[in-house]
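> Following this message is one structure expressed as structure tokens.
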Number of protein chains: 2
Amino acid sequence: MPIPILSCDRNSKEVYSRFLSGAREDLSSATSRILPILEDVRTKGDSALFCYTEKFDGIKLSKLTLNPKEIQTNVDSKTKEAFLRAKSNIEAFHMAQKREAWSKVIDGNRLGVKYTPIPSLAVYAPGGKALYPSSVLMGIIPAKIAGVQSIQLITPPQKEGIPEILVWLTQILEIDRIVTVGGAQGIAAAAYGTESVPKSEFIVGPGNSYVAAAKSYLSGQGLIGIDSPAGPSEVCIIADATSNPKWIACDMLSQAEHGEDSSAILLTTEVSFAEKVRDELEIAFRERPKRLEMKQKAIYENSSILVFPTMEDCIWFSNELAPEHLEIQTRDNDSVFAKIEHAGSVFLGPYSPVAMGDYISGTNHILPTARGSRIYSSLGVDTFLKRVTFQEVTKESLETLYPYVKLMSELEGLDEEHGTSVKVRTKGQT
Amino acid sequence: MPIPILSCDRNSKEVYSRFLSGAREDLSSATSRILPILEDVRTKGDSALFCYTEKFDGIKLSKLTLNPKEIQTNVDSKTKEAFLRAKSNIEAFHMAQKREAWSKVIDGNRLGVKYTPIPSLAVYAPGGKALYPSSVLMGIIPAKIAGVQSIQLITPPQKEGIPEILVWLTQILEIDRIVTVGGAQGIAAAAYGTESVPKSEFIVGPGNSYVAAAKSYLSGQGLIGIDSPAGPSEVCIIADATSNPKWIACDMLSQAEHGEDSSAILLTTEVSFAEKVRDELEIAFRERPKRLEMKQKAIYENSSILVFPTMEDCIWFSNELAPEHLEIQTRDNDSVFAKIEHAGSVFLGPYSPVAMGDYISGTNHILPTARGSRIYSSLGVDTFLKRVTFQEVTKESLETLYPYVKLMSELEGLDEEHGTSVKVRTKGQT
């Protein structure tokens with residue numbers, strides 16, 4: 001049972017609708033399990049954090065935070081070189097996103113915008129096997145460039161100590177502290193603040209369902225800001241017969257490597273090309289059998305090759321899908337990209353597999369999933385900036401505009417005070 | 001019992017902490033009441049909308065939507081002139097927020113950003129006495145400028161028909177349709193879509209607690225995007241003795257006019273000035289007794305004059321408060337404003353009462369409340385734009401960067417497929 005090749009057009013809803021459900025993980029059972037934990041952290045602070053860490057991580061901590069500057073690290077030079085190259089590229093791409101204040105005169109008055117950073121950020125890094133140091137770069141660099149003053153890393157303690165690569169990253173990124181508390185209790189510490197852990201106003205970073213449930217619940221209560229909710233990772237690839245079927249298969253498998261619920265959708269117009277990609281997937285399963293069951297489940301059950309009549313149809317479907325990652329490998333990538341409306345991060349041409357953006361090109365890999373790119377953006381400097389609008393009205397303009405304010409406020413039943421607050425400033429008053 | 005004048009410094013937490021709670025309305029009971037309504041709309045579509053409209057509004061509709069072009073309106077020319085002036089100023093301010101695509105070469109590769117609009121928007125306008133046509137301008141104009149293609153107005157039906165001013169606004173703003181369904185059922189129609197009501201991806205606009213609960217719940221489910229959650233309206237005023245105490249009192253009352261839970265906080269350094277404002281408030285209560293009880297409750301119970309030792313302390317407290325509206329009326333407004341980090345919309349100088357921004361200056365009046373301006377912005381063109389990032393990696397750069405990707409993906413346990421997807425594109429492969 002290889003990957004399904006499905007011929008369809010824009011009306012074949014029965015064929016493609018399952019890819020458009022945009023389903024997110026159901027967090028309701030995780031939420032009910034974490035609510036008592038959140039409440040304990042809120043009311044008992046540090047002592048709840050010590051207690052849950054012993055219970056869930058089996059570790060008796062003597063203190064909850066570490067100062068990165070006080071920790072010895074011994075990361076090898078090759079690893080340092082790789083992460084420093086990534087850091088430099090991510091910094092260059094995000095520096096270009098900085099915003100300038102502006103003002104202009106509109107109807108006689110000076111109006112404008114300035115941008116200010118959010119005050120504080122927590123970045124969550126999962127423990128155990130889920131070591132993603134690249135996500136630490138992606139979360140922290142845009143915040144530093146935005147000017148966020150206070151940044152802390154939240155991560156579960158580990159018997160063998162916090163991984164050296166994480167500690168070294170917090171050193172070169174000049175992070176204030178490492179909070180060695182994981183799970184829902186770590187998220188609660190950041191949202192409420194405790195004796196040892198200062199409150200953060202915003203939190204980003206991947207985590208398991210308890211972490212996701214805690215982020216979602218606390219954000220809903222207005223206690224902390226979050227990036228867009230994370231779902232299974234997905235890629236959409238628009239390709240024609242000018243592209244390399246083996247490379248396309250590799251890119252689909254690179255997505256499948258994230259988990260059995262990951263999805264890779266190839267959109268093309270040529271059945272013979274689709275068949276080549278299908279065959280390359282089977283070859284790859286034989287050649288690279290690591291985590292075979294997981295990858296096959298992702299490819300056979302959650303992925304598909306959809307063959308549409310025209311390239312315009314492929315573009316239309318990609319916009320319906322609003323994928324997290326979009327690869328475009330066609331005769332004319334720029335003209336296809338010009339028609340793309342909704343996608344998190346786009347990879348153009350044969351030499352831009354998603355893995356390049358995951359690690360090193362400089363774009364951010366924290367992206368909206370589950371069709372979220374219809375309304376949300378990737379993480380960026382804007383995520384950590386607010387637009388503060390301002391105005392300075394002149395005496396003359398207030399005189400001119402008062403009759404309009406009077407009329408409009410009367411219509412809304414707010415003339416007595418709203419209207420008066422302008423009227424008292426007009427000539428002949430006071 | 002006039003407004004409290006409280007002397008404090010940065011350590012007087014017992015004095016000011018109640019203003020920093022950032023409490024939002026508790027929507028839990030409203031949420032449990034609306035859940036069956038949402039489910040009915042999701043499963044039964046139009047028939048549920050007809051049914052709930054008859055039940056809650058006492059109106060038997062023959063159809064659920066109106067085409068603005070087919071409705072006769074007769075708005076007087078003075079009213080038209082006022083709203084057209086406001087529209088023109090709001091358009092000018094928001095046009096200046098448009099974003100340009102860019103790209104640059106980073107480490108040999110072309111990286112960039114383009115901005116695309118969200119696909120669709122619903123704007124909610126409450127019915128009955130809560131007629132706020134100005135909010136319709138504020139919600140729709142930035143979306144039109146962002147390029148949102150499909151916009152609908154959701155508003156409860158009324159026995160005497162939809163107010164002409166609303167219909168006329170939907171005509172001049174070229175809105176697709178008016179959906180005459182209010183409350184939670186109106187929000188559900190927009191989020192799920194029904195036979196008559198196309199789904200919208202985003203919803204903005206004020207409403208009662210059922211509307212707020214429906215927006216919050218559906219947004220948490222990933223079904224619709226929302227503006228930041230609305231709380232009671234508030235103003236913070238930083239003023240010194242160079243400002244006019246009567247005008248300041250009017251501005252505080254203009255906030256109090258929104259409801260008894262509204263709040264006005266005056267920050268100053270001079271007790272004698274504070275006393276003058278207090279006296280002006282009492283005079284105003286005698287002179288303008290309309291809705292006296294409500295205004296007095298807002299001023300006496302939820303407002304305060306805080307007298308700090310220095311202007312720096314006032315600025316510090318304003319940043320802690322992160323107010324929705326901030327007025328600065330001092331000797332040197334620009335230098336005070338330069339130190340403001342968190343505020344929704346700022347009003348500089350003696351001729352900029354909040355009412356000018358509410359109606360006509362051009363800034364947006366849909367703003368984050370409940371200390372939300374620490375992390376959220378006012379409604380603007382950015383609200384309706386997404387940042388689509390892209391990259392085109394060159395063959396040469398891929399060769400150079402492959403060793404780094406290999407190393408980083410090994411560290412994350414993702415080398416088999418992530419690493420391979422880059423490796424197959426290097427020289428000597430395939």
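Note: Cβ is positioned from N, Cα and C throughout, glycine not excepted.
Pulled these from TrEMBL:
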{"type": "BINDING", "residues": "B:Tyr124, B:Gln185, B:Asn208", "note": "NAD(+) binding site"}
{"type": "BINDING", "residues": "B:Ser233, B:Gln255, B:His258, B:His325, B:Asp358, B:Glu412, B:His418", "note": "substrate binding site"}
{"type": "BINDING", "residues": "B:Gln255, B:His258, B:Asp358, B:His418", "note": "Zn(2+) binding site"}
{"type": "ACT_SITE", "residues": "B:Glu324", "note": "active site, proton acceptor"}
{"type": "ACT_SITE", "residues": "B:His325", "note": "active site, proton acceptor"}
> Considering only CB atoms and a limit under 8 Å, which binding-site residues from B:Gln185, B:Ser233, B:His325, B:Glu412, B:His418 lie near chain A?
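It is B:Glu412, B:His418, listed by sequence.
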> Roughly how many angstrom lie between the C-alpha atoms of B:Tyr124 (NAD(+) binding site) and B:His325 (substrate binding site)?
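The separation of the Cα atoms works out to 22 Å.
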> Which site among B:His258, B:His325, B:His418 has the most other CB atoms no more than 10 Å from its CB, taking these as binding-site residues?
B:His418
> With every protein chain in view, how many other Cβ atoms are within 10 Å of the Cβ of B:Gln185 (NAD(+) binding site)?
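A 10 Å sphere around the Cβ of B:Gln185 (NAD(+) binding site) contains 27 other Cβ atoms.
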> In sequence order, what residues of the same chain, 6+ apart, have a Cβ less than 8 Å from the Cβ of B:Asn208 (NAD(+) binding site)?
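For B:Asn208 (NAD(+) binding site), the qualifying residues are B:Pro126, B:Ala130, B:Gly183.
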> To the nearest whole angstrom, state the Cα distance for the pair B:Gln185 (NAD(+) binding site) and B:Ser233 (substrate binding site).
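Rounded to the nearest whole number, the Cα-Cα distance is 25 Å.
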> Find the longest CA to CA distance in the recorded NAD(+)-binding set B:Tyr124, B:Gln185, B:Asn208; express it in Å as a whole number.
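Pairwise Cα check on B:Tyr124, B:Gln185, B:Asn208 gives a maximum of 13 Å.
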> Which secondary structure state does DSSP assign to B:His325 (substrate binding site), in the simple three-class scheme?
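In the DSSP reduction, B:His325 (substrate binding site) maps to strand.
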> Inside 10 Å of the Cβ of B:Ser233 (substrate binding site), count up the other Cβ atoms and send me the figure.
24
> Please give the greatest C-alpha separation between any two of the substrate-binding residues B:Ser233, B:Gln255, B:His258, B:His325, B:Asp358, B:Glu412, B:His418, in angstrom, as a whole number.
56
> Count, for each of the recorded positions B:Glu324, B:Asp358, B:Glu412, the other C-beta atoms lying within 10 angstroms of its own C-beta, and report the residue with the smallest count.
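B:Glu412, out of the recorded positions B:Glu324, B:Asp358, B:Glu412, has the fewest neighbouring Cβ atoms within 10 Å.
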> Among the binding-site residues B:Ser233, B:Gln255, B:Asp358, B:His418, which ones place their C-alpha within 10 angstroms of the C-alpha of B:Glu324 (active site, proton acceptor)?
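Near B:Glu324 (active site, proton acceptor) by Cα: B:Ser233.
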> Reduce the DSSP letter at B:His418 (substrate binding site) to three states and note it down.
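Where B:His418 (substrate binding site) sits, the three-state DSSP reduction gives helix.
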> Report the member of B:Tyr124, B:Gln255 (the binding-site residues) whose C-beta atom has the most other C-beta atoms within 10 angstroms.
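Answer by Cβ density within 10 Å: B:Gln255.
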> Beyond B:Tyr124, B:Gln185, B:Asn208, what residues of that chain have CB atoms within 8 A of the centre of the NAD(+) site's CB atoms?
B:Pro126, B:Ile154, B:Pro156, B:Gly182, B:Gly183, B:Ala184, B:Gly186, B:Ile187, B:Gly207, B:Tyr210, B:Val211, B:Ala214
